[in-house]
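What Swiss-Prot records for this protein:
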- Y223: active site (ACT_SITE)
- H405: active site (ACT_SITE)
- H255, H256, H326: Cu(2+) A binding site (BINDING)
- C147-C589: disulfide bond (DISULFID)
- C225-C276: disulfide bond (DISULFID)
- C262-C288: disulfide bond (DISULFID)
- C383-C496: disulfide bond (DISULFID)
- C387-C558: disulfide bond (DISULFID)
- C459-C481: disulfide bond (DISULFID)
- N177: N-linked glycosylation site (CARBOHYD)
- N559: N-linked glycosylation site (CARBOHYD)
- 585-610: region 'Disordered' (REGION)
- 1-9: topological domain 'Cytoplasmic' (TOPO_DOM)
- 31-610: topological domain 'Intragranular' (TOPO_DOM)
Amino acid sequence: MQVPSPSVREAASMYGTAVAVFLVILVAALQGSAPAESPFPFHIPLDPEGTLELSWNISYAQETIYFQLLVRELKAGVLFGMSDRGELENADLVVLWTDRDGAYFGDAWSDQKGQVHLDSQQDYQLLRAQRTPEGLYLLFKRPFGTCDPNDYLIEDGTVHLVYGFLEEPLRSLESINTSGLHTGLQRVQLLKPSIPKPALPADTRTMEIRAPDVLIPGQQTTYWCYVTELPDGFPRHHIVMYEPIVTEGNEALVHHMEVFQCAAEFETIPHFSGPCDSKMKPQRLNFCRHVLAAWALGAKAFYYPEEAGLAFGGPGSSRFLRLEVHYHNPLVITGRRDSSGIRLYYTAALRRFDAGIMELGLAYTPVMAIPPQETAFVLTGYCTDKCTQLALPASGIHIFASQLHTHLTGRKVVTVLARDGRETEIVNRDNHYSPHFQEIRMLKKVVSVQPGDVLITSCTYNTEDRRLATVGGFGILEEMCVNYVHYYPQTQLELCKSAVDPGFLHKYFRLVNRFNSEEVCTCPQASVPEQFASVPWNSFNREVLKALYGFAPISMHCNRSSAVRFQGEWNRQPLPEIVSRLEEPTPHCPASQAQSPAGPTVLNISGGKG
C-alpha cells in the first residue's frame, strides 16, 4: 500500500495488521454458517452484463456480513451499497475510486441530491483486494447495524442493493454525483437463516420442471408460463427439497421462478408455453395457483423440516403443473435462449406430517382501500382467536416458512402472533418489501401457533403516484395483503383472513356525504370502487377512514380447503383485543473498533494483493 499522508499512513499501518488477523480468522468466524466447500455460499450477479458479482456470508455471532465483490472490468472505480428502495440518493455506499496518483477504498454516503460524501465513521472494512485473471476481488465486512445516521440498517427482509460505475479518474470522492453515473439495483435477502440441512431420504428422486428452450423476449419484463404434467398414475409423494436450475449465462436475466399445481377439479389443462399475459393463454391456467416451489434471485435450495413434506400426486391431486419464470431484461438483450426451472426432490416414503399452506391477511375485497397520495397507509387483516380455536388441532401447528405478497403499492409487510391479548413474536417481517421480489423464506425460528392464538398481518402502502383510491382485489392495480405461511401438520384451515364489515363502510360513505359539499354516490347500483372513486380525499375523510379500519367490526373468512367457511357466525366480529404490543427492535450498536481506519484505505491494484 502507498500512503500519501502521515494521518492515513498511521491508520493504514494499524489496518494492515488487522487485515492479516482477519484473514487468518475469517473461516473460523464464519464456521457454522457456510458449507465447507465455500466461505461465501451466497452469490448474485449485480448488473445484467455480469461485470459485478457479489458473494457473501453471515456471522450471526459477530452480527457482521462478509462481502466479496468481483469487478470483472474495472475502469476508474465502482460504487456498491444499499438504500431504502433502490435509489442512489440517500444511499449507504462503499466506493473504490482512483485519481491520478492511486486507488482508494472508503465508506461513503450520498445525500438527497446524489452528491457523494466520505463517511466520518468507516464501517465498511476492507480485508483484501486481489487481482486475478477473472478480475478484481474486494473482500470487506460490515456490521448489521452501525448507529451511524448515514448508514443503512441491515435487517432480515429484502435489501435493495445499488451499484454504479466510475468511467474516469476523479479529483476527489466529493466530485461524484450519482445522477451522472451508469447505475442499477438488485434486490436480495442478505440475512439468510443459518439452518442445518436435513438429511434426504435414501429413496429420494428428482424431477425437473424447466422452460422448454424459451427464446427470451427482447423486452424489459416478461412472465413466461409453461404447462407440463406428471406421469399417468403418479402416486402420492412428499416433496422434501427443491433448488433452482438456471441456464448458464442467464444468471442475471432469470429473476424468479415458481411452480404451481393446477386445481384438481379440471381433468385436463391445455398445454401452453408463452407469455403469461398472452391473449392465447388458456383461461384454465388461472386455476393453477397452488404453490409447490418458489425461488428468487440469491436464494439457495429450500429444505422441508425432517418431519414434514409437501404432498403431490395421487388421488385428488391434479397431474398438471404450471411453471412461471420472470425474466428481467433491462438491456433488452435479444437472441438468448433459456431452459431454467426448478428441480424437485421427492420421496415415496411419506413423512410423519403433510406440510400445508395457509393464507393470512386481508380478504380480496374492495372494502379495504388506500386513499391516493399516501406515503405510508397501513391496512391490517386478522386470523382471529375464534377461528384458530375452532380449526387448529389441540397440539397446534408449526410455521417454518413464509411468503409475503402485495401488489404494486406495498412497501412493508409484517405478521405478528398474539396470545392471551399480548403480542408475543414476529412470524415474518419485511421493512423494505418489494412486490418485484417475492420468495418463500425459511424462518430463523419455527413459530408454534396454538388454538386461540391470533395472527395479525399488516401491510404498509405508498400511493403517492395515484390519483384515485386503490381498492383491494385481484387486479394488478388493485391491492392485496397476504402472508402465505408454510406449516405442519396440515389442517383443513386454508384461509384465515378478514375485511371491514361492509355495513360499517356504508356508514362511512354516508358520513362523508354529510360533512362534504361534494356528494359521494351511495346509490344501490354504485359499486364500492365507484363510491371510493367519488370521495374527495381531504384530511378529514382520510383520517376517518383510517379510524374506521381501526375500530369497526370485521367479516372473518375462516375457510376450509373447499373454500367453505367453518361453521359459525363470522360477520360483524369484534376486532381482537390486544393489550400489549411488541416494541420495535432497537438496533445494536457495535463497540467502537480501534482497528477501523480513520479514512479511506489506499490500494495498489495494479496486480497481486493490496
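One-based numbering along the chain as shown.
Glycine too: its Cβ is placed from the backbone N, Cα and C atoms.
Structural mapping of features recorded in Swiss-Prot.
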residue: C147; record: disulfide bond; DSSP class: coil
residue: H255; record: Cu(2+) A binding site; DSSP class: strand
residue: C276; record: disulfide bond; DSSP class: coil
residue: C288; record: disulfide bond; DSSP class: coil
residue: H326; record: Cu(2+) A binding site; DSSP class: strand
residue: C383; record: disulfide bond; DSSP class: strand
residue: C459; record: disulfide bond; DSSP class: strand
residue: C481; record: disulfide bond; DSSP class: coil
residue: C558; record: disulfide bond; DSSP class: strand
Sparsest-packed of the listed recorded positions (H255, H256, H326, H405) - C-beta count within 10 angstroms: H405
Residue among glycosylation sites N177, N559 with least C-beta crowding, 10 angstrom cut-off: N177
Cα-nearest neighbour of C225 (disulfide bond) within the listed recorded positions, H256, H326, H405: H326
Beyond the site residues H255, H256, H326: chain residues whose C-beta lies within 8 Å of the centroid, for Cu(2+) A: V254, M257, A296, L297, V325, Y327, H328, H436, F437
PLDDT averaged over the residues of the topological domain 'Cytoplasmic' (1-9): 35
Same-chain residues at least 6 apart in sequence whose Cβ lies under 8 Å from C262 (disulfide bond): I269, R284, L285, F287, C288, H290, S318, F320, L321, R322
Candidates C147, H326, C387, H405, C589, namely the recorded positions, that fall within 10 Å of C459 (disulfide bond) by Cα distance: H405
For C589 (disulfide bond): intrachain residues, at least 6 apart, with Cβ closer than 8 Å: G145, T146, C147
Which listed residue (C225, C288, C383, C481, C496) has most other Cβ within 10 Å, given these are disulfide-bonded residues: C383
Cβ-Cβ neighbours of C147 (disulfide bond) (radius 10 Å): 14
Which of C276, C387, C459, C558, all disulfide-bonded residues, has a Cβ with the fewest other Cβ atoms inside 10 Å: C276
Subset of recorded positions (Y223, H255, H256, C276, H405, C481) lying within 10 A of C496 (disulfide bond), CA to CA, in sequence order: none
